[in-house]
Amino acid sequence: MSHFQYQNDELYCEDVPVAQLVEEFGTPLYVYSKKTLLEKLNDIQTAFAEVEPVICYSVKANGNLSLLKVMNDAGSSFDVVSGGELYRVREAGGDTTRVVFAGVGKTDAEIRFALESNILMFDVESEAELDAISAIAADMGVIGPVALRLNPDVDAKTHSKTTTGKKGNKFGMDIERASELAKKVLADPHLALKGIHMHLGSPILTTDPYAQAVKKAIDVVAEYRNEGHEIDWINLGGGFGISYKHDEGLPASEYAKVIVPGVKEAKCRLALEPGRYIAGNSGILVTQVVFTKREGGKLFIIQDGGMTDLVRPAMYDSFHGVWPVKSTLDPQGNWEKEHDGCEKADVVGPVCESCDYFAKDRSLPPVERGDLLSIFSAGAYGTVMSSNYNSRPRAAEVLVDGKEYNLIRRRETWEEIIAHEKV
Ligand code: LLP
């Protein structure tokens with residue numbers, strides 16, 4: 001269940017009225033529910049328990065140190081894509097020996113840092129990267145643990161900007177090419193092939209792409225074992241979709257139904273890298289209406305949150321539920337429905353770009369200057385993709401736990417925005 005609920009005509013995060021958080025911390029404000037984070041992680045841990053999965057929470061979805069600590073304390077590991085993310089995991093007290101490291105452009109310094117951190121494995125995306133890991137591992141007198149990232153050529157039927165497992169994407173390598181590299185690893189004393197990695201795209205709202213990928217994984221693992229590798233791991237990446245509109249997300253158990261049998265057949269351990277599934281509906285962005293205006297036959301609700309806080313609508317035309325924090329009408333998570341007493345409006349931000357919007361032609365109750373709005377499903381790829389464009393300070397973040405709450409990132413100041421510049 002969602003821990004963002006309307007009670008007595010106002011929105012609560014767990015047991016705390018969202019408006020109370022705004023009184024203390026202002027807007028724009030990210031509000032996260034610890035209960036939701038833990039329930040979502042637990043969904044995945046339970047659904048895949050049979051194959052003893054290592055759940056590597058994908059730091060890129062939301063890397064706030066407090067969220068990473070919550071994940072770590074609940075038994076999650078981490079998927080990182082940069083030295084900076086690995087540094088975050090270390091600073092949050094995370095166990096780096098179960099970390100997986102993907103990304104097409106790992107630098108020497110990042111590879112060295114990861115080897116020093118004794119990570120579980122690199123998801124290797126090219127021959128050149130394999131050579132770099134081998135050389136650095138040799139120099140350090142260690143063995144580089146690697147998984148080959150395969151491009152399985154599976155269509156995940158998601159947004160073109162977030163599809164990764166189709167031929168022609170920059171990620172991973174063709175299965176045939178990876179076979180040649182596997183032979184090269186066997187002959188290299190500074191490398192050990194631990195498994196294979198695939199990430200199909202994000203968000204994926206059907207199980208079929210995973211079923212296709214697992215099938216391919218079983219064959220590849222058998223081939224590598226025949227050649228003499230001790231393959232332990234199938235890493236199927238992340239990508240599990242969530243409900244942005246109304247109940248379109250699948251429970252983790254549905255994905256497990258098509259993944260677990262294949263992993264068992266391959267006699268492998270399973271790694272997964274979910275980000276959005278855990279963080280997406282664990283967070284909202286709260287903003288305040290600055291003005292409303294009617295122009296060109298339209299109603300515009302102009303609020304203080306913008307594409308600098310949540311870029312997803314501008315970047316991918318993504319849908320996010322929007323609703324006033326105080327409202328006598330509870331849309332019960334059905335954000336597309338045209339409710340009585342509502343009027344269509346565009347919810348836009350203050351940034352000087354036409355793509356700076358959160359909702360277009362959305363049926364909403366009347367709002368006025370000073371009212372608070374909640375932008376839902378903003379916990380993943382929200383704050384991590386925020387920017388200082390238009391010299392806008394980044395939003396504050398609060399983590400709610402029952403009746404308690406803590407500021408886990410304070411609002412940036414104008415002074416901090418220019419702190420690294422010189423005249
Ligand atoms: N593993 C790898 C190798 C990835 O590239 C990604 C996401 C994940 C795991 C986590 O995917 P998730 O479980 O969160 O779907 N900014 C876009 C999403 C980009 C995803 C990039 N890679 C958005 O806002 O929708």
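Heads up, the Cβ atoms here are built off N, Cα and C, so glycines get one too.
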Site-mate of G239, E273, P274, G275, R276 for pyridoxal 5'-phosphate in TrEMBL, selected among Y316, Y357, Y381:
Y381
Cα distance, K60 (N6-(pyridoxal phosphate)lysine) to P274 (pyridoxal 5'-phosphate binding site), nearest Å?
10
Express in Å, rounded to the nearest integer, the largest CA to CA distance found among the pyridoxal 5'-phosphate-binding residues G239, E273, P274, G275, R276, Y381 named in the record.
15
E273, E353: which of these binding-site residues has the highest Cβ count within 10 Å of its own Cβ?
E273
Does anything in the same chain, at least 6 positions from Y316 (substrate binding site), have a Cβ under 8 Å from its Cβ, and if so what?
H159, K161, T162
According to DSSP, which kind of secondary structure is C352 (active site, proton donor) found in, if we only use helix, strand and coil?
coil
Listed recorded positions: P274, G275, C352, E353. Which have a CB under 6 angstroms from an atom of ligand 1?
P274, G275
Just to be sure I understand: of G239, E273, G275, R276, R312, which binding-site residues have a C-alpha no more than 10 angstroms from the C-alpha of C352 (active site, proton donor)?
none
